[in-house]
Every structure is written in structure tokens, then in C-alpha cells.
Amino acid sequence: MRDGLSELPPIRDPQSGADHAGDGLKYDLQGIGALAVNPLGDRIINAFFREGEEFTDFRAFMRVLARFRPVEEGKSKETGYPEPMNSRLSKLQFAFQLYDQDSDGKISRAEMLQVLRLMVGIQVTDEQLACIADRTIQEADQDGDGAISFEEFATSVEKLNIEQRMSLRMLK
Amino acid sequence: MDYQHVQVPFEITLWIMLASLAKIAFHLYNKLPSVVPESCLLIFVGLIMGGIIYGLNDKSPPVMDSDIFFLYLLPPIVLDAGYFMPSRPFFENIGTILLYAVVGTIWNVFGIGFSLYGICQVKSFHLQDISLLHNLLFGSLIAAVDPVAVLSVFEEIHVNEKLHILVFGESLLNDAVSVVLYKLFRSFCEMSTIKTVDVFAGIGKFFVVGIGGVLVGLLFGMIAAFTTRFTKNIRVIEPLFVFLYSYLSYLTAEMFHLSGIVAIIACAMGMKRYVEANISLKSHTTIKYFLKMWSSVSDTLIFIFLGVSTIGDNHEWSWSYICFTIIFCLIWRALGVLVLTFFVNRLHVNTVTSKDQFIIAYGGLRGAICFSLVFLLPEFPRKKLFIAATTVVILFTVFVQGMTIRPLVDLLDVKRKRESAPTVGEQIHIRFLDHLLAGIEDISGHWGQYYWKDKLEYFNSKYLQKFLLREYDQPKSSIVLLYEKLERKHAIELVEAGQLIHEPSHTSLLVFVDSHRSTVVVKESDSMNPDVLENIQKILSRNLYRIRRTVPAYNRHNLPGESGTAEQAKEILILRHRSLR
């Protein structure tokens, strides 16, 4: 991780207003206005913090942002080295973790319903939402266990250009 | 019989009739359009017609008058292209497009001009009387990629959207550059001495032509939008305003020696958003069909005339010059694309792959614009050679490149346009990722292209919309009306396409204002029912929260603008508040 941290350009530190020097308060992140009206705002913020903690440090903060570095082309896959943090696999893992809140390695129907409910307006009734969730799981589920595992998730998004969708140019 | 009286309109109508009948004939035989692009067939028909006329009259058939081409045949095609240009991919790739159009064209012009001059120096080719300036002049008219040809070929091969917009955008915008260079070299030909100040004046002129064209277009676009604000009581002539103002912008730009194509594109793209909001649904349909019809007729006529004009005594043949022209056109285009893409890829996350580069280079078709420009050249001894060379290049690019590009696209497995709609799961994941990225951007304080987009949106909602949209005295209700109108339009389009079976309901994203509940009932038992699937798609497309900043995923049916975000934000905040308790 040494590489990633030193290479990242300095950014506006949203934690600069914190009382605890160098430590980030969850409270501060929640104070970002645009994030408050983002449907996934809470989940994104929680991704920066370890379970139950209220503070995060700069390293952990950067660890999350490092996932969004653009993929470097031409870097050969060297087996034996740890998977780079910004590879397609890591990006997918990060996205999967946001779906899978209880970290059991599967997106269950309940978790899918939760995410859908977050993203959809209150006009949609519960039974419609249930149908959509069922359909989503049905499309992705290959081993018929009624939940989406990480491999199934990766397959269902293989047509989407993940490397480019989940990259911020600024972090190059 | 009084033929003289009706001769001119009669002949024009006969030509158009011939063009349309030819089109019907091609599409009757299903397999033909997939192998041979329409443009080739039309040129072929033109060649036959030209041959017949030549045989009958024993003199050259009427050559396409450059004025007719530039004033009557070209504008409808460009207007159609500009009006239906998908603006999001266009503006996302605008840097690349401009780079290809401006720098690429200049590179091609000088490359071809100088290398042809080099060829002319070789004694055995007997070409030494062609001066450097003449070669550069020839280069300037042959280098530009032609939008008409590109459109007709690329429309049939369905490559992925980004590639399509790159080639197409380049072919439209390079008009500014080629116009300037062509006029510059032409005036240099007539001047006895050339001073350096003239060269700089030429460079300055390029900026004037390009930016001036954009300004003229935007001006007329805004006036058009403003006019449609008051057309509530005379819906019937609404489409006419769109056409009139666009055509005026083209003519005005041409009058001031600015780039007409750039002007008409700017006009169409600028006014589209406001005009669509102001005019009735039927007017919108009328505009769409009239534009398609006109551009189709123009397109057909252009290619037929190209064929007709090829036959005749206008040509002087010189194997060496012509062959080398073709070779240099190909080489310089390939080099140009390679070098420029190298720079582009260093700056962008969204890289242009090498397969894409090949198609961009190979798709550099020349067409009728070069042809008309060469006829406009002043009379000088070698003009017929230039005409011959231009004709051969155009025929080569249209026939050889046009016919082989489809098998090449298949062979190279270039990424194609998505034929199928994304699955429900994919839609959800896409939106999920968009929200995620928007949130991460907010946290990191990234100000990218979305920053400027936001600023433009702000300017738009604060000032422009008040001025140009009808019924803006109550902002809230106008947003509701806009939403309802667009959703109605979307639903009607779906019904017309035979996809929707249920009556479209008036659900909108604005929960607190519009209290109609969705009347769509989703059957729980059979999830694989296509009926149910459509309902799901409909629910999702209407109800998924809009993201504040969108990731490049272009969908023709996406509602434009970010209106309604206030209500959406309110809703989300209330939901979160409830869940936190």
C-alpha cells in the first residue's frame, strides 16, 4: 500500500474540520450535503469505517479511495503478488461488500430488497419491489440457492465496463 | 404540350422519383443492403443514368451544381444529424472529437499536400507543372472526412456508440477546418506574393470561422426556442420554425464565410431541449419524420448525382498521381489517427482501443463535399486531373472501404451496439454503481467534467429556462408538466413499438405533488412472463432515483435535465430519517 498512498495526489480533506487532528469523524462525512441526499450515502460512509467504530484514519480512508484508481493497462498479471487494489476484481469485491452487509459472501433476497428499497422511490409498493428483487436474483443465480454469490455477481456484471465505471480519473 | 413551362420542376421531381424508386428496389431484395451499402448502389445507379444520358446526347450529362449541393442538398442531412445527435456521448468525447477534427485534418491536409508535391517532382510522371500551392489546395479538399458518406455507411454497421460518435462527430466538425484551409489556399493561389502576415491571418481565421459558426448557430437556436414559447395556439406551424431557423443559421453562417455545418449543428443541439419542451407531441413527431425524409432524399440524390457526374469529358487521367493520392490518403489518415490517439489515451480513462483506432482510420470516407469543392476550383490547366483524382478517391472510399468495413468489423470483433436492452439486474447494478461513484466523488471533492455540467445546469435552470420555456411563472408546476409530457411521450413510444400492453399511468417521481398511484399490477406467480418484465422495466425506469451526476451510460429515453432533484432529495432524507430512528 506504500505505493498507492504516496502516489495519490493531495485532495481536499473533508476531515479537515475535525476536532481530532488526523482522525476522521463519521460525523464529518455525514455532514457532506451532497452525500446526505445520495440514496447509498450511509453505506458508502460506512465503507470507510471499521465495524462499529466512529473514527477512521487517513490510511483507511485512502485504502477505500485506492479502489477507484483507474486500471493500468499493460501491467502483466504476476502470480504470487497480491491482487492490486484497483484491479477489476478488487473493485467488484468492494461493490459486492456494499450489497452484502452481513458479509456472509452472498447477497440474499432480503439484502437485495434493502438495496432496492434504498434506490427506488416510495411510489413502488412492496410487492412490486419483491417481484423486481426476485427477478434480479433469478437472472443472476446459477446454482439455484436463491442468493447471489460473488462469482454470480461478477458474471452478471461482466458486460458492464467495470474498470471504467469505477474509476476516478483524478486518482490516476 | 407545353413542356418548357414545367420543365425545371418536372425534371427535379423526376430525379427525386428515380432516387426513391431505386431505394425501394434495393430494399425489396433483402440480402443486398447487408452486403453492399446503399451509397454504393446509388452511385451505381447514377453511373448507369449518366451512361444513358451520355449515350443519348453524346455530351456530358449535367454535372452537379455546387450551389445546389451546398445550399439545398447538404443542410437537411446535417440538420437531421445535429437534431438527433445524442448529446451526452458527444459532449463526453468532445475533446477527442475536436482533436481529430482540427489537428487531424490539418495533419492530413499538409501531409497529403506535401507528399503529392514530392511525387510531382519525379520527372517521369510529367507532373512538374503542379505547384506546391496547388497540391496543398488539392490536399485541403481531399483530406476532409465526409459526414454524408460516413453516416450512410456507419448507420448500417452498428458499431458501439462511442466509436460511432467519434467518427461521426469528427466528420461534422472538420468542416470548419477544411473550409478555412480551402479558401485560404485558393486565395493564396490568386495572390502573387504571400507574406507571413497572410499565413497568420489564415490561422486566426480558423478560430473566427469555427467559433463564429457556433455563436451564429446558438443565437438562432435561442431565438427559435423563444419563438416556440408563444406557439401554443398555432400548433400546426411549430415544425416550420425549427426548420426555418436552422436553415437561416446555415445561410447566415455561409453568408459571412463562417462554417455553415458547425452553425446548423450548434443551432439544432442548442434549441432542441427547449423546443421539445414547448411544442406539442404531434409537432415533435412531424419534425422527426420530415427531417428523416428530407435527409434521406438528399442523401439519395447526392449519391446518384455523384454517379452521373462521373461520366463525361471532365477527366484527365494520370495513373501515378491518382494512385499516389489514394495511397497517401490512406497512409496519412492512419498515421494521424495513431498519433492523436496516443495523446488521447494518455489523458483519458476511457481509452480508444486499437481495434477502434483501425475502424476510425478505415472509416475516413470521402464524399460529395470534396466533389463539389473540386468543381468550384478556379480554372487552371490541371483542374481536370484534380477532378479525376477526386472522383477516383471518392469511388474508392465508398466502394472498397464502404463494402469491406462491415466484414472487417465482424472479423475484428469490434464492440457492437447493444442490441438487447440491459437485464433488470444489470440496470440495477448500473444505477447502484452510479450512486456509489457519485458519493465517492463527493467525498474526494473531485471536480471533473461533471462540475462544468453542473454549472451549465445551474445556469440553465436559473436563467435560460425562465426565458425560453413556456409557463415558467410557477417553476414547480412547469417541472411537473415537463415530466408528465416526457413520460407520456415515452409511454406512447413504447405503445407504438408494441411493447406496452397496459395503459400508461401518470406516475412521476414527484411524490408529494402528483398523487396518482401506479396502476400496474405485477403478477407474482410467473416471473419470466415478458409482460411482467416490461412492467418491471417501466417501474424501474420511472422510479429509480436520479443520480446527481451520471456516469457515461447513454440511454436514448433518459429524461434530460436534473429537474425534480429537490423532491427526490427530500424523499431520500425523510426515508433516512425514518430508518435512523
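The backbone N, Cα and C atoms fix where each Cβ goes, glycine too.
As annotated by TrEMBL, domain 'EF-hand' applies to A:87-122 (among others). Secondary structure of the domain 'EF-hand' (A:87-122) per DSSP, as helix, strand and coil residue counts: 23 helix, 3 strand, 10 coil.
Summarising model confidence by region, the domain 'EF-hand' (A:133-163) averages a pLDDT of 82. Feature annotation from TrEMBL assigns domain 'EF-hand' to A:133-163 (among others).
TrEMBL lists A:1-22 with the feature region 'Disordered'.
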Contact set, same chain, for the domain 'EF-hand' (A:87-122): CB under 8 Å, 6 or more residues outside the stretch: 39-40, 43-44, 47, 64, 67-68, 71, 129-130, 132-134, 136-137, 145-150, 153-154, 157, 162-163, 166
Residues of the domain 'EF-hand' (A:133-163) by DSSP state, where helix covers H, G and I: 17 helix, 2 strand, 12 coil
